[in-house]
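As given in TrEMBL:
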- 1-24: signal peptide (SIGNAL)
- D106, H213, S215, E365: Mg(2+) binding site (BINDING)
- D106, D370, H374, D411, H412, H493: Zn(2+) binding site (BINDING)
- S150: active site, phosphoserine intermediate (ACT_SITE)
Amino acid sequence: MFYTFSKYSIILIVVLLTSPIANGRVISQTQSGDHDHRMHPVFHFETLNRLQKRAMPILNFGSAKPEEEFSEYWNGVAQDLLMQQLNTKSQLNTNMAKNVIMFLGDGMSIPTITAGRVYLGGEEKQFSFEKFPYVGLSKTYCANSQVADSACTATAYLGGVKGNYGTLGVTAAIELDNCQAQNVTEHHVTSIAGWAQAQGMATGLITTTSVTHASPAGVYAHAANRFWENDAEILNGHQDPLTCTDIASQLIHGEVGAKLNVILGGGQEHFLPLSQQGKRLDGRNLIDEWLKIHGPKAKYVQTKDELQNLAKNTEHVLGLFASNHMPYHLDADPKEIPSLEEMVSQALDILEEQSQGRGYFLFVEGGRIDHAHHDTLALKALDETAEFDKAIHLARQKTSEADTLIVVTSDHSHTMSVAGYSSRKNDIVGINNGQLGLDDLPYATLSYANGPGFDTNNLKANLGARRKNLKEINMKNKDYMFPATVPLESETHGGDDVGVFASGPFAHLFTGVYEQNLIPHAMAYASCLGSRRTACGDGLHKGRL
């Protein structure tokens, strides 16, 4: 084999031959320089814009658009963005927020948003909520845990108080599973939905999970264990359901739950007895009880058609579209199961009618982003994020920025990362096309720090595990579990901060880095809710009519 050397090649050979060698690898005298080269590789783009790295095929790393090769393009993009910033931030919107809509992407981490953009069609894409003028970061830890769950976070972003891991709507004075303490009203945390109801506003909640799940239950429940969704679960925890009321019962009969105008999601099994394919052991049918409480103008719906055929003057609607959680968008029958966007559309019409001009508060959760991440189903997590964004876009289109505050955030992050040096437009749910591992095998751009994806992507060997060849795996399968480093039955949450995106009156209050429990206080300030400091109390507005 013959080689052609340039003078630079000769210089490189001399440097390599005269450099110290340790364990078969060339190192620098100080170690630092070589470490930096290995941690931050520089890809040399040849005249044909190709990169060949190890055994990977020749790749085209050209610009996504020809115009991107010129500085004028990027300068123009930056100037357009600068103009947007100046236009949206030159004058603060300090109107009173007649309406407040909170969107919660459960488990929607920053990497989920980043990967979701590419899933939408490219790195330069944006979700509709990313175009909101004000963005901040929320710190998500619980009172007793570095990494949060969806219960303690719901207490924070809906009630303004941080609680303990696994507890819901109660202060940190209540320990997990303390059934007796659950009833101490002094330690109950009332959500912003309760504050809104006290001001005569219409209220509602929507979720793609069970309506008794941790995030939506933060709207109305007080529980020493988030999993006490029905009486059977309390008994399974060796507690007395006559002492600590289950979450489904609190939704139907609780002070806040009973007043909700809109309840949409899954979870039928928590409201029905065993004899009716439910889980309740007390024999009660809570759906029938709900209908008796609210009378003839209340409607219970179970299908998409029933939801869409509701009259706008419906005073109360309970829609349960699945026995437990609603199916993932990629698995759902669109003729039977309403999308999150469709549920939001109907809810806004009903709430606008029922508010009678006094405004409304609506909580909306894209809850299955989280579930997909727990199973390392990255493709489904990104698709659920895209569906979540459709609902946000519709809500912003149907309401006015002049009087409706919309806040979009997440409760906690996950351990999924976006790694490697793939070319632009590379399939985000595929193989990283810029680099091989040291085992000469490709790796996925998306992977998890832990989770069930470990077992599905590794072959057991005598001395550990060996990675499977991803070229032999159908990564496009919607149920493919992405690689994980540590084997766990369920992938864990992450402890990093999450984004907060705001549009409408007093949206500027949501900038900066702050504790998660600030969020309902800022929403209440903008909407003149509660007994603490508000825009009305500061003399900016007269208050609600």
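Cβ coordinates come from backbone N, Cα and C, glycine included.
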Return the member of S150, D370, H374, D411 nearest to H213 (Mg(2+) binding site) in space, with distance defined Cα to Cα and candidates limited to these recorded positions.
S150
Neighbour tally for D411 (Zn(2+) binding site), based on other Cβ positions within 10 Å of its Cβ:
30
Using D411 (Zn(2+) binding site) as the reference point, find which of the binding-site residues D106, S215, E365 has the shortest Cα-to-Cα distance to it.
D106
What whole-number Å value do you get for the CA-CA distance of D370 (Zn(2+) binding site) and D106 (Mg(2+) binding site)?
5
Other residues with Cβ within 8 Å of the Cβ centroid of D106, D370, H374, D411, H412, H493 at the Zn(2+) site?
G107, D149, S150, I369, H373, S410, S413, H414
Where E365 (Mg(2+) binding site) and H374 (Zn(2+) binding site) are concerned, what is their Cα separation in Å, rounded?
17
Restricting to the binding-site residues S215, H374, H412, which ones have a CA within 10 Å of the CA of the residue listed as 'active site, phosphoserine intermediate'?
S215, H412
Inter-residue Cα distance where the pair is S215 (Mg(2+) binding site) and H493 (Zn(2+) binding site), in Å:
15
If you count other Cβ atoms within 10 Å of each one's Cβ, which of the binding-site residues H213, H374, H493 has the most?
H213
Tell me, how many other CB atoms lie within 10 A of the CB of E365 (Mg(2+) binding site), whichever protein chain they belong to?
31
How far is it from D106 (Mg(2+) binding site) to H374 (Zn(2+) binding site), counting Cα to Cα, in Å?
11
Cα distance, S215 (Mg(2+) binding site) to H412 (Zn(2+) binding site), nearest Å?
11
Quick one: pull the CA-CA distance for S215 (Mg(2+) binding site) versus H374 (Zn(2+) binding site), whole Å only.
16
